[in-house]
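Pulled from TrEMBL:
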DOMAIN    214-278  domain 'BAAT/Acyl-CoA thioester hydrolase C-terminal'
ACT_SITE  Cys242  active site, charge relay system
DOMAIN    289-398  domain 'BAAT/Acyl-CoA thioester hydrolase C-terminal'
ACT_SITE  Asp308  active site, charge relay system
ACT_SITE  His343  active site, charge relay system
Amino acid sequence: MKRTCPLLSVQPIRGLVDEKFQFVVTNLPPDQKVTLHSLHQSDDKDFWEAFGHYVSDEHGSVTGAYYRFKHESLGGTYEGTEPMGLLWSMRPIPGSRHGLRLRKRDIVRPMEVCISVYSGHLSQGFSQQTPLATSVTERWYVAPGVKRVNIREKEIRGTLFLPPGSGPYPGVLDLWGAGGGLVEYRSALLASHGFASMALEYLAPEDLRLEDTDASYFEKAYQILKNHPMVKKDHLAVVGLCLGSAITLSMVSYSKVIKCCVCISGSHLMPVDKSLSEFFEEMKNHLLKCTQVGRIKCPLLLVNGDDDQILPAVESAEDMAMMMEKSGNRHLLEILTYPDAGHLIEPPYSPHFRATNFKLECTKERIVMLWGGQTKPHAYAQEDAWKKILAFLWQHLSAPVTSF
C-alpha cells in the first residue's frame, strides 16, 4: 500500500481569543498513540506549552472538536473532550523562570500558537523530537477594524478601543487590579464585540503620584469616555477586577448615569473614597469599611470563584445581597459563583495560574501571590463568565448583539 504522511488541520487558523478552535489529525495508522502539543512564546519571551494524549480510531484519525465525532485526551496537562485544553492548561516549559503569568502586552500582534502531533504518549522532551505534523494558529484580541486610541488628557492615562464602523457605541470603563500598569487586552476584546472600551491606568501612571489618584481621577476618566463622539453618552458601564471592582462599587454607589457594572473577584470591604495612597495605608492597618451598596441604582453583576485566595469574594457577595435586600435594591444584583475557580477570572481559554510573582503596590515588596483555583473548573468559569458578562452588558446597555 502507498504510504501517506500524517496531516494536521487546525481551524480556524485565525480567530479571536474567545473563539473555539478544533483540530483533526488524519493519515495515521489505526490505534496509534499520539500526543497533541501546543507551544507559545509570550511577549516576555518565555515559552508555554500544553499537551494531550490521544489514540487514533479505526480510520487513523484523531478529532478534537465540539461536534459528534470527537476524541478524548487520555492524559497530559488536560483530559477529556477538551481541545481548548491546548490553551487553558498551558504552563511554562521545564526550566523556565518561576512564578510566571501569561499576559498579552502587545495586543496589536496575535498570540501565535504552534500545534504539533507527535508519535507516542510524550510528557517531556518535545524540543528533542520531530513532530509528525505541525500547524500554527493566530489568536487575536482585536477584531479586524478595531481602532486603538491613546488617551493622554487631563493627567488621565489610558487606551480607548473602538469597534469598526461609524458608531456611536455603548461605552465601558475597564479597571484592572492592584498589579498596576496599563492592561489593554480585555478592553480590546470588548471592542471586538461591539463596545467602546477604555482601559484605564491608575496605579501611579507617568507624572501622577498615588497621593493624587483619588475618586476625581476616575470621574475624569469616566467623563472622557462619556464625551467621546463615538460613545453613546447614556449607555455606559464599568467593569472591574479585584481593586478595580472596589473602585467600580464606589463609583456606582454615587453615580446616576452608569447603566450597569460588572465586578470580578471583588469586595465591598474596600471602598475607594480617598487617594490610593491613603487606601493602601488603610489596607495595611485593617481599617476598611463597607461600600454602601444599598445606594446602587443600576444592575450589578458579581463574578466570583469559591477558591479565591485573595479576597472573601463569595462571602462579600452574600453580605452585599443582604444589604441590598434591606435597601430594596436586591433585584438589581446578579451573582455568579464558580466552584473551584480562583481569583484571576480572565477572558476564555487564558491559562490558569494558582500562584505567580506579584509586586505589592502598597509596600513595593515582591512576593509570590496565591490566587487559588483548580485548572479545569477555573477554565470553565472563565468561558462561562465571559459569555454571561457580554450578555449582561448588551442587555443593560440596550444594544443589539454583534459578532465578528
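Just so you know, glycine gets a Cβ as well, placed from its N, Cα and C.
This view paints the features noted in TrEMBL onto the structure.
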{"residue": "Cys242", "record": "active site, charge relay system", "Cβ within 10 Å": "26"}
{"residue": "Asp308", "record": "active site, charge relay system", "Cβ within 10 Å": "26"}
{"residue": "His343", "record": "active site, charge relay system", "Cβ within 10 Å": "26"}
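Calculated from their C-alpha atoms, the gap between Cys242 (active site, charge relay system) and Asp308 (active site, charge relay system) amounts to 11 Å. On a Cα basis, Asp308 (active site, charge relay system) lies 5 Å away from His343 (active site, charge relay system).
If you take every residue in the domain 'BAAT/Acyl-CoA thioester hydrolase C-terminal' (214-278) and average the pLDDT, you get 84. Shown for the domain 'BAAT/Acyl-CoA thioester hydrolase C-terminal' (214-278): DSSP residue counts in helix, strand and coil, namely 26 helix, 16 strand, 23 coil. Summarised by DSSP class, the composition of the domain 'BAAT/Acyl-CoA thioester hydrolase C-terminal' (289-398) is 44 helix, 22 strand, 44 coil.
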